[in-house]
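What TrEMBL says about this one:
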DOMAIN    16-116  domain 'Ig-like'
DOMAIN    131-230  domain 'Ig-like'
DOMAIN    241-320  domain 'Ig-like'
DOMAIN    329-422  domain 'Ig-like'
TRANSMEM  558-583  transmembrane segment
REGION    593-645  region 'Disordered'
COMPBIAS  596-607  compositional bias 'Polar residues'
Amino acid sequence: MQSEISLAGASWAAVQRFDRQPQYTEVNPGEDAKLTCTLHHRKGHCSWQKDGKPVGMYPRKYEWVAGGAAMGPGGPMPPPGGDCSIWVRSATIEFDDGEWECQVTASDFASQDALTSNPVKLVVRVAPQRPRIEYNATQMAPGQNVSAKSGERASLRCISRYGNPPAKLKWMLGDEPLSDTGNQTSVREQDNPKTWSTSSVLDLAVVKRHHGRSLRCVALHDLYIARSLDVDVKLDVRFPPEVRLVGAPSKDVEEGRDTVELRCESEANPPATITWRRSQKAEILNTMNSTMILRPARRSDTGTYTCQARNVVGASQPLSVHIDVKYPPRILHVGPDRKVTAQLFSQTSFTCEAEGNPQPSIQWLQKMPIHPMAIADGSAEDKVILRGAEPRLVLTNLTYDHQGEYVCRAANKIANVERPVQSEPIPVHIKGAPQVVRRPNAEVYAARGHDAIIRMVVCADPRPRRISWEWGSMQLEAGMIMGRYKAEELAQDVREDCYEARFHIKGADAADARSYTLTAENERGSDRHTVLLAVRGEQEIVDEDTARTRLHSNPVSMIAMIGILAVGMIILLITACVLICAYRKETCCFKRRNDTQPTTGELNSEKSPGGPLAQSRRSSHDSNGALASPPIYTTSPPRGGPRMMQGAVVTATGAYHHTGINHPISSAEKVRLSPMVLQPPTRV
């Protein structure tokens, strides 16, 4: 049994088998090709088949690689050993291109170990023709346009013919390989079955960006000089227009100065036609040129301009730009009258119409009338007052302050530069009774011992015929002098129909500190105004001015004032409570006292010629025999009180009143005016 197993193992080890089988091989025409076939333990005879037919060994055509041992009927016999490889000399496509097989006969009849290799191709290369591109079943010449509409799919076919092996094809868009290389198929040529026809189909989604680019089909083959050969076509993508508007103004466009050049740039294939329209008029302005020029721009050119492009594929979206032509203001009408004469305290109105772009703002300005003499000597300058900011100006309760020239000022801004214009002036003249100009502070200060001048301005048309100054019971008309007092004639003020009235007081003293009234009259009426003259020492005037300045520069806050008033009210309430308590408890000054009555002797002494009353009557006569002021009775001697005027009586409260009567005071009056002492009532 063991010997049988050993014989079987030795028998298996001696079975012939392939070591290397033939492989796919390509060879250029005229070159030698080696087909390799080696075996282990070869015992049979080697042979080769091509396309299913035996191939004999012929010198300089088919030869054993290991050399033949002897010549047989079919040529050299295969060499001993396991190498059955052959040389194919000077390969040609006609005789050598095909499928080759290496075969080995059985070692003996009974072993049945004959071998046949897998068939392999020996390819004798043939360079294919230049590839070509077909579009819509039409062959395209190199560089020819392939026209397609954007958004469509274009199917192109690349063909390479009469090549062996078949060429490999790939597509390129410019220098960019396409991810979709298409479907490639190869079939043998009908008229030359040894060669192949190869085609590749590209299904391309055409978009606008492909326009004008090169589409190439590249054939790869080892027999090409550069191992590749290509053919290209140019993509002609048809797409609707897309427009871009250039030249839209970025700043204000002024009439008569600026030029506007609008350019409508269109991108389209085929080229588009440009159409310009203006929205307001819906009119076609230009269909021949992509540029719209407004030279120079006019106000009538204001509007919205729209450009649109159109070709056989479609139309673009319209693009619009608004052109707003600016122009400075122009006053169209001012009125209703070119000259106005109005009565004092009456009413008048004006209107102003102006145009411009932007819409101008309106102002009514009053130029105050200046007297020609003031203009000639340069003592006055033009004064302009803003009276209104609306097209219609209404003046009510007219005074001489409204007299002057009124102009309508219209202004707008173009390119951040103001463009003003003014109308012709409208003179306004006021007629009426005199009007004394009121001052905010009706108080005039003068230094003691210096001359005081009171000035007031009065306006009137016609001119005042009478000017007078009054103080106390005194009156002085313009142009007159009375002692230290002088009323000057009216002097022309800088304003037309206005005059300055001056009142001089020489060496002013405390007695001159009083109210002074100016009265002006003309044919239409009169007016009067009072000012107060305050006479102070020079240092007092300086101190008062400083205090007034501080008061205005550092005003007391409302909260502080309320606090001060609240504290004062609390103090008053506490004082009142203390007095009431003292009165009820009869303490302090509210203690009970005995009633006192004047004695008969005292009354008789006052009635006697040498008594005090008689002496006071004698002293009431001055040196000229005039009656002097009656004696003044007070609870205490006055200190720093008001200056006592003739005929004034100071009451128990310290106030004084003018009585207008000079006569002796009787004993009853004296008793009535004697000091009074508050005492509690006498209890019985």
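Note: Cβ is positioned from N, Cα and C throughout, glycine not excepted.
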Highest-contact recorded stretch vs the domain 'Ig-like' (241-320), from 16-116, 131-230, 329-422, CB pairs under 8 Å: 329-422
Rounded mean pLDDT for the residues that make up the domain 'Ig-like' (329-422): 90
For the domain 'Ig-like' (16-116), the number of residues DSSP places in helix, strand and coil: 0 helix, 42 strand, 59 coil
Summary of DSSP states over the domain 'Ig-like' (329-422), given as helix, strand and coil counts: 8 helix, 55 strand, 31 coil
